[in-house]
């Protein structure tokens, strides 16, 4: 069954959705977006991601991340030009953080003491207490992937174009404006809304349960492996600590912050100093023992994760008698690691509403 589809948004969620939809050669797909791979803008979260695959969902909601893991694993093994590589990941937990998360009702599976993903990662193991960073109570490690977003996003766009997807730049004030933007010259019967944080103010959506989860990072030339992710830090309420070395010379990401509701787009030098100081304390070899002065900074950056109070929104909505909307937004900090699983869900919904629309003709 063929559909005329306009995908609004060209971040990792929009492009992955377009790619999987394009596998049906009957679909006529147009991607429209204000920002494209190669752009660096605080509104465009995807380039600022680490990015990696560190499961965050509960086991009951884990299917999106499970499906995506196997696709990223395939890309490492078969498509090296995608900019994804295997990298060992070390997770460090503090009991105070995990207990707080449990009380809040929003536990992060990544820091669970009995994580569901221990059976997904073949070499998963709990660390011996002697391996755990001072100040943390327990840890685990496994081989995951790290993604060079500067390579991966253009690769993803190229795969879409290879499959016949047409890409346009546009700024939409209302989701309904996408009805006039199909390259096929006719009204699309389906619009995929993959605008991320843009859904907060996009007319026709205006989802006020959306908010930025501000992330500040430092990108350095220094190399360091394995990846490091911690459940929390002693100082700085919105501060977290992580490190990941991107594939193919993409630099090493030092983080960071997870500050829900903070719209500040400029890097804070005090936060930057805290980020770097923490990293050189737990991983002094990254700077050859020279402390912060031994870090070769490429840039300081801020990205806005598309946080949503009730989690990701993937559902269909009737716009009018001609067109349906399929929403795919609100992924917060796990857009990459849920991208393929969520896109598969989008394909299912597109098939569902496409059949429903045609049955009424």
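Each residue, glycine too, has its Cβ placed from N, Cα and C.
As the structure is a computational prediction, the values presented were derived from the model and not from experiment.
Feature annotations, reproduced from Swiss-Prot:
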SIGNAL    1-22  signal peptide
BINDING   10, 13, 34, 35, 45, 46, 50, 52, 305, 332, 335, 336, 337  FAD binding site
CARBOHYD  193  N-linked glycosylation site
CARBOHYD  222  N-linked glycosylation site
BINDING   242, 305  anthranilate 1 binding site
BINDING   242, 258, 305  (R)-lactate binding site
BINDING   258  anthranilate 2 binding site
Positions on the same chain near the signal peptide (1-22), where near means CB under 8 A and six or more residues out: 28-33, 35-37, 44-46, 49, 51, 149, 152-153, 156-157, 159-160, 163-165, 167, 172, 175, 178-179, 181-182, 184, 186-196, 198, 328-329, 331, 335-336, 339-340, 342-344, 346-347, 350-351, 354-355, 358
Residue 50 (FAD binding site): secondary structure state under DSSP, collapsed to three categories: coil
Alpha-carbon distance [residue 242 (anthranilate 1 binding site); residue 193 (N-linked glycosylation site)] in Å: 30
For residue 242 (anthranilate 1 binding site), the one of 10, 45, 50, 222, 335 that lies nearest, given that the recorded positions are compared by Cα: 50
Pairwise Cα distance maximum in Å, (R)-lactate-binding residues per record: 242, 258, 305: 16
Pairwise CA distance, residue 45 (FAD binding site) versus residue 222 (N-linked glycosylation site), rounded so that it is a whole Å: 23
Cβ neighbours of residue 337 (FAD binding site) where a neighbour is any other Cβ within 10 Å: 27
Cβ-Cβ neighbours of residue 258 ((R)-lactate binding site) (radius 10 Å): 19
Binding-site residues compared (34, 305) - highest count of Cβ atoms within 10 Å: 305
